[in-house]
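Inspection log for the structure reproduced underneath, given as structure tokens.
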Amino acid sequence: MALNHLAIPLLECTSTVYCMLMSLLLYLLFLLFPPSCIASQHWKALFDQFDPDNTGYISTEKFRSLLQRHGSELDPHKLEVLLALADSNSEGRICYQDFVNLMSNKRSNSFRQAILQGNRRLCSKALLEETGLSLSQRLIRHVAYETLPREIDRKWYYDSYTCCPPPWFMITITIVEVAFFLYNGVVLDRFVLQVSHPLYLKNALLYHPQLRAQAWRYLTYIFMHAGIEHLGLNVVLQLLVGVPLEMVHGAARISFVYVAGVVAGSLAVSVADMRAPVVGSSGGVYALVSAHLANIVMNWSGMKCQFKLLRMAVALICMSFEFGRAVWLRFHPSAYPPCPHPSFMAHLGGVMVGITLGVVILRNYEQRLQDQTLWWIFLSIYVIFVLFAIFWNIFAYSLLDLKLPPPP
């Protein structure tokens, strides 16, 4: 009876956590897999004019006629690739799905072959050999070589990137984190090791085990940092790594990896370090950085970025230093016993998301994630972990008769 008395109210409160996390996951999946746009229907209507029997194919002659009539509606880069596709097609016909893929920036192997075989500007020489580029063009080229392992993808990105929209997600999240830190610094009159201030835990944003039924804390803890040394390393890593990744892969994919790492971090703490609070954006940052580093290692020969070994070493040193600081702080005598200092398990949760979901997302720059078996496997594992952690939060704390620190 006592167990039920404790578990039922917590079950009702924690159901909010489940609803919130599942809604967030569905929203991010919607961003990753948007519905067909009106533009694709327009092109389908044009394509059907040349395919009255609905075979899904038209001849290359009809395809060229379509391009001549409506080529002005396309940007020059896409028109160039479509012409290369027609030139290199040995079957004498064009598949409608290939045509739609290009319209939605989703390229198939046939388009890669078209670019490789077509003797056009896109494949005439390596991107690094291009001269006379402006500062912005050199920056885009640098980002392409930093993040993409194949020359064909780098050229595609370089020619099609318009900086619209800009990498708003990583910049916005960084500004908000810095703003909250400065506000807390003024309120607490402390900027170094803020976590040692007696009033620090009273903030409504950080995750506390006694307040785990308050759903927003599983996400908003990223806006609280242990001190300027904690914030500084996270901000540097997420700007240096996150902004270029968002420029290439888009806000939807990068925000998915980041938020998935944040949620996995707080849930990992609630399972593996049940008495400790959580602060900082390390879960999301480590998800992005570990995914990027794993992608570099897996495509080592194709990555042409300068000093890649040195850059990896610097990133690993920064991560190790920040993780070591978190471990030291966790076992350092607390300023507000019996509650310990924040846990370091969120870092490990972020790393696990990065080397699973993150690697698949970054590896498939030009492909639909819906078609990737490995993506669905890792996504299923992630959802199972989230469900397990939610039920763990509902029942395990009571079953283990764990003595939690008092609420702040």
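Positions of Cβ are set from backbone N, Cα and C atoms, glycine also.
Note that the structure is a prediction, hence the values are computed from the model and not measured.
Listed features, source TrEMBL:
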- Ser282: active site, nucleophile (ACT_SITE)
- His347: active site (ACT_SITE)
- 38-73: domain 'EF-hand' (DOMAIN)
- 6-33: transmembrane segment (TRANSMEM)
- 168-186: transmembrane segment (TRANSMEM)
- 218-243: transmembrane segment (TRANSMEM)
- 255-272: transmembrane segment (TRANSMEM)
- 309-331: transmembrane segment (TRANSMEM)
- 343-362: transmembrane segment (TRANSMEM)
- 374-400: transmembrane segment (TRANSMEM)
Per-residue pLDDT averaged over the domain 'EF-hand' (38-73), given as an integer:
69
Most CB pairs under 8 Å with the transmembrane segment (255-272): which of 168-186, 218-243, 309-331, 343-362, 374-400?
343-362
How big is the gap, in Å, between the Cα of Ser282 (active site, nucleophile) and that of His347 (active site), rounded to a whole number?
6
Quick check on the active-site residues Ser282, His347: which one has the highest count of other Cβ atoms within 10 Å of its Cβ?
Ser282
